[in-house]
Amino acid sequence: LIYFFARVWIPDPEEVWKSAELLKDYKPGDKVLLLHLEEGKDLEYRLDPKTKELPHLRNPDILVGENDLTALSYLHEPAVLHNLRVRFIDSKLIYTYCGIVLVAINPYEQLPIYGEDIINAYSGQNMGDMDPHIFAVAEEAYKQMARDERNQSIIVSGESGAGKTVSAKYAMRYFATVSGSASEANVEEKVLASNPIMESIGNAKTTRNDNSSRFGKYIEIGFDKRYRIIGANMRTYLLEKSRVVFQAEEERNYHIFYQLCASAQLPEFKMLRLGNANSFHYTKQGGSPVIEGVDDAKEMVHTRQACTLLGISESYQMGIFRILAGILHLGNVGFTSRDSDSCTIPPKHEPLSIFCDLMGVDYEEMCHWLCHRKLATATETYIKPISKLQATNARDALAKHIYAKLFNWIVDHVNQALHSAIKQHSFIGVLDIYGFETFEINSFEQFCINYANEKLQQQFNMHVFKLEQEEYMKEQIPWTLIDFYDNQPCINLIESKLGILDLLDEECKVSMIFLGSLDGQIDASRSEGKWPRLSNKAFIINILLTSKEVEYQCEGFLEKNKDTVFEEQIKVLKSSKVTIDRLILIRRTPLTRAPAKATKGRPGQMAKEHKKTVGHQFRNSLHLLMETLNATTPHYVRCIKPNDFKFPFTFDEKRAVQQLRACGVLETIRISAAGFPSRWTYQEFFSRYRVLMKQKDVLGDRKQTCKNVLEKLILDKDKYQFGKTKIFFRAGQVAYLEKLRADKLRAACIRIQKTIRGWLLRKKYLRMRKAAITVQRYVRGYQARCYAKFLRRTKAAIIIQKYWRMYVVRRRYKIKRAATIVLQSYLRGYLARNRYRKILREHKAVIIQKWVRGWLARIHYKRSIHAIIYLQCCFRRMMAKRELKKLKIEARSVERYKKLHIGMENKIMQLQRKVDEQNKDYKCLMEKLTSLEGTYNSETEKLRSDLERLQLSEEEAKVATGRVLSLQEEIAKLRKDLEQTRSEKKTIEERADRYKQETEQVGINKKLIEETKQLELDLNDERLRYQNLLNEFSRLEERYDDLKEEMTLMPSEKKVPLDMSLFLKLQKRVTELEQEKQVMQDELDRKEEQVLRSKRQELESENKKLKNELNELRKALSEKSAPEVTAPGAPAYRVLMEQLTSVSEELDVRKEEVLILRSQLVSQKELNEDGELWLVYEGLKQANRLLESQLQSQKRSHENEAEALRGEIQSLKEENNRQQQLLAQNLQLPPEARIEASLQHEITRLTNENLDLMEQLEKQDKTVRKLKKQLKVFAKKIGELEVGQMENISPGQIIDEPIRPVNIPRKEKDFQGMLEYKKEDEQKLVKNLILELKPRGVAVNLIPGLPAYILFMCVRHADYLNDDQKVRSLLTSTINSIKKVLKKRGDDFETVSFWLSNTCRFLHCLKQYSGEEGFMKHNTSRQNEHCLTNFDLAEYRQVLSDLAIQIYQQLVRVLENILQPMIVSGMLEHETIQGVSGVKPTGLRKRTSSIADEGTYTLDSILRQLNSFHSVMCQHGMDPELIKQVVKQMFYIVGAITLNNLLLRKDMCSWSKGMQIRYNVSQLEEWLRDKNLMNSGAKETLEPLIQAAQLLQVKKKTDDDAEAICSMCNALTTAQIVKVLNLYTPVNEFEERVSVSFIRTIQMRLRDRKDSPQLLMDAKHIFPVTFPFNPSSLALETIQIPASLGLGFISRV
């Protein structure tokens, strides 16, 4: 049995508190406790006989490491200290809640927890839902400001070096990132830029901190009504001016002085005459001018950049630097003593002269007044010399005065730069102020600092009590007053009437003894102040909060309080010749909203202001600060310094306890512990402690069930209280309940172990029994097999004898049979050869007879054909002559009408002359062609002769090759022996070569695969960058539209003048984005070309296969000579001649049409009237124009054909020359190589000819399609012309005298899949089809993508009309209208999905009907006829593609906004498997309940939403590939947000939560299977989340476990793995924490892994989207337009 004793904390001088375990139960009256320390020692701990207080009890291990210290069951100092140490050292967590306070421990190391991804993760989250962070406090302040309409304050306090400035800086960065600015004027950048300026002039190195703030500041960040940053204002408190003239050992002056000295070599700083920091008295006193790891020159660059950003011009910056350099030179001014009461400055003293030059003052005056002062009495004024010490003090006072004036001027200028003209609606203040300071020597500065902290601590105590009282009243719990330390007496001692500050002011007015006056005040309040024993120059004040006495040295109090400077020196500075210096030092202009009125000199007022002491000013500003804080809702950040040596992640318990006591954290704990610190909702209590209840105790009412159980478990009713929604427990009760729960679970575990162990032992016994039986069976079987083997061997010997005898007899028989068969085979072969020779001779004789008879038949056929053709020619000539006579007779009959229509005939004759001229040109071309044919024939004859000569040489070469072959046969016989010996060597070499080839091929394949992968990654990156640029461009576009709307809505009298710099900046940004977009587009095209180039090898291999298949077809052509192909009888020549004859026939047809028209004109009656003659004349003119255009086109075609023939002749000449060169080269080659070269040449020539023919065929196809389209256009025009002519003729004429129609062919008009509309109806079309269209009705009732089809059909009609303006206007209106709809209803998923699918369909239509071959592969012949003919819309396709990308990104944002509230609740917090995980105790910062109440989201909510998204996209007809990309993006968002929250929530990192996550992920995978989307890549996006869940569940102890984790978690980064292991928290006592050594082992194993140092996944990342071409099978002519769309003004064409 294992006994568990109570564990306690005992005081320890080294570790402050040490853990121990009781060895014996405590009984009342015991004076000694027997304890066992963790080091293994036993200890007798004596109790205090006076107080008899027992040691503090230790919390259960399950509560150690909690996010909120108030969640601890036992609330006391050792528990707080231990919890902070475990979180800081073991879990590397620097933030912890303590009720309303955020405790921040300085890690002295840069941590990756402040990036923009962390800011996005905390944005919009409840404060208790995430791990403690400064961003959580900032988000809470921002949310309360927006929700409660109340100003907020964040109070950051702590010791010097604890990280106050950094915490305040990160809080301001959070506000700047989350809220943005209202005016695109980079206000948030200016707010952040104020930090480096203020750090350079107000921070310095101290012994405790390298960047210590030596002033307090309160920054108010202003927000407008939409809670966007509009400006800021800064208030400063108590600058440590004494640091300008004095620094202690190992300390520095303000950073700006060292930055100036480090930048002294810059050309613009030569005039300042600076040098090394050690050469100036004011910068070398500390002896530590350099900070390790800080480059002062680079910091100077940052400071100047920040000044420029805040609007401080270069001239003002140089003025500031000149004043600072003057202060340094002033510090080097030395004095020499004349006597004890006077001193002088050496003549022409260089430091003073440099100071005067830089400040623009007179050297003599400044030299005089540095050594003298003016005394004024009632009647006279005296000039009195001063001693060397007094002169030195006056010099230092002047330096401090100048620096203070400069500091105030910079603060005012920063406020002016941060000031906004827009009215401030609310603000969030960030107070960065010093904590309690206690040194060996404490002076006036420490007194003021500690006074401010006492006031802040009082305000903090009041706020804590207020929150506690509100919580108790809300839950209707009885409120009892809690005693606490009240520091009001200490504050009264300082600020009350006749307090220390008043006494100081009185001492400054009249000559009193300050210590004497202070004596009476301290005696009046003995408990708060007293005198030190051995000194009468100091006083002691007791800080009640820390129970610590602080001794202040009175020396210097009065001087620092007065802060006096000689007026004569100030007057000298006022007379400065440098305007900027005079403006900075003298004219301090405070920030006011109204312009300051010019005031005349009022000496009384100036004197009054001059009399205000530093203490009085500080008290007034502190009271103003307290009024501001009391009017806001405060949020507290307490910064803790873990050690004094700045070691990273090193925890000094003594220093930490001191600061915890001083900053009020322990006071908060004590106040909470005095009441009911532990608070549970009824549902959480029921879920956690359900194991302590019996079935009969569980009622339907959870509240009553909890009450009944608690009354049984805790008998003392004062230990708990029941509120309206929560149960309140006193300290220690939760630990007691946890003990009961652990005991119950432990008993259940023992019972389970007992049963399982019995079951395992029985299984082991049954296995042993079964094994014994099996052994027996195998032994008996072995014996039986041995006996059977003996029997088989005996039988086998007999069988062997039998078979051997049979073999001998059979062998003898086979020899005889083989000899007989050989004799038979030789005889039968001889007879068969004789019979074969006889058949062969008969067959050859038959072939000879066949060829002779065929030749005779062909000769007879040719003669008969020739005779028939001759007879046909004679008959046709006779018929033509007869036809000619008829035509001449008809021509004579119309001579009378020729006189009437001389003009008409002249025109006809002109046309006929043109036709004759065309014929003449044609004849000339024919003559040229015949001459070219003659030259071509002569050249071909020459080539034939050369070819015959080559053939003779080839025959000679064949004879020579025959001889060579005979010789080669003899050589082959001799080489057989060599081949046999070399065969083995060849086989080995072949194997080696094959192995090398395989390895090379594998390497090449690997390289190709890697290169293609890299190219694909680069392509995706470029796409992502391009799409991000599009997103930025659309955001700027929307912003521009918003600004335009605001400008139009703004009243004329209130219009603000345009900020030209902002406009130019935006314009420049837009142009840069456009240029970068173009660069990205070019880069994208280049990457795509590289990808296509990588695939070219596969295409080349396929091309080689096709060439090999074509070679068999070309063998027949290769045997013929080349000239025969292009000879006059060749096919190519015949094609050319056929084209020429067809052209001549077309000319004849046109002539006949002219004659027909003439005859019809003649045959018409009553043509004397002017109207009819005019109609006929107009018709003839149009017909003549048509004929002229056709003749001109024919002429051009003839010219083109002649040019083509000339080009062919030129190419034939070049081919002949090339062949001659090849022949000459072939003659020089050996015979075998000659034959191979000629064959290779012939193959290449034939392939080139084949490719040329294919190109010609494609061109002819294109021209045929083009001519068909033109023919349709001409037919339409002629039809319209005929209709117009018919309308001009009266009906009576048509009835009485019918006109014979002109025989011009015309095609019937049918529907071509186009829609016609008028230009004035374009806006109406866009309005009805886009702006006012309801997606839900269209998706349900109509075909998917109907608006896209309608728009494309309208574009087709505009293209058909060749109206580029109409096309451009329609496309531009469509794109702009889609953008308007998405801007107006961009938050509606259905609208965005609908227009994404329609935009993609419109884009696919433009591609499908573009006429490009790549997009026409899947079209039908009818669809190919609908292609666009006149315009190339590739640029608009790119614009539509960009628009589709923007819509896709907007769709993703809508998805994210809808899914984001569901993800954390459904994937992490909701218990899908009930009862697996229990709820741990929580503190004041309540996290969201993991129990599914009404209104909370579950996993089913996410699945329902996914189903809704998928069904909507399918209804809208979205492309399947695009749906897959959307689903992949949705799953990435789910996985990224879930994993990010897991990494930022310690309460979620447990074994049971890992099981819940894996179950939830399996449900998502099941959804993918149901939708057939497993190949979409969505499952892979969940891989990091799956591995994180597995990491929570795997064993985490040994090195093998570490190896398994490293191999398993390949999708997680090293930072994420370590973070999950650090956050792993046991929910039950049976689980163990991950040891620090195991985490270090993991880090060592993963140190070589190259992955991103980023902790969180980028939840805003959008995968680059592609739109694969998806042609539609829908025929455009079948689309019907429903009447519900209101498009009745559109007509079908």
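Using the three backbone atoms N, Cα and C, a Cβ is placed for every residue, glycine included.
TrEMBL annotations: computationally assigned, not manually curated.
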Of 323-345, 438-460, 622-644, the range TrEMBL labels region 'Actin-binding': 622-644
For the coiled coil (1177-1277), mean pLDDT (0 to 100): 69
Packing count at G163 (ATP binding site) (other Cβ atoms within 10 Å of its Cβ): 25
Which of G158, G161, the listed binding-site residues, has fewest other Cβ atoms within 10 Å: G161
Beyond the site residues G158, E159, S160, G161, A162, G163, K164, T165: chain residues whose C-beta lies within 8 Å of the centroid, for ATP: N106, N209, S212, G435, C639, K641
Neighbouring C-beta atoms (10 Å sphere around the C-beta of K164 (ATP binding site)): 27
CB contacts for A162 (ATP binding site) [other CB atoms within 10 A, all chains]: 25
Fewest Cβ neighbours within 10 Å, where candidates are the binding-site residues S160, T165: S160
Chain-internal residues near E159 (ATP binding site), provided their CB is under 8 angstroms and they sit 6+ positions away: R208, G435, F436, E437, C639, K641, Q659, A662
Tally of residues which DSSP labels helix, strand or coil - the region 'Actin-binding' (622-644): 9 helix, 8 strand, 6 coil
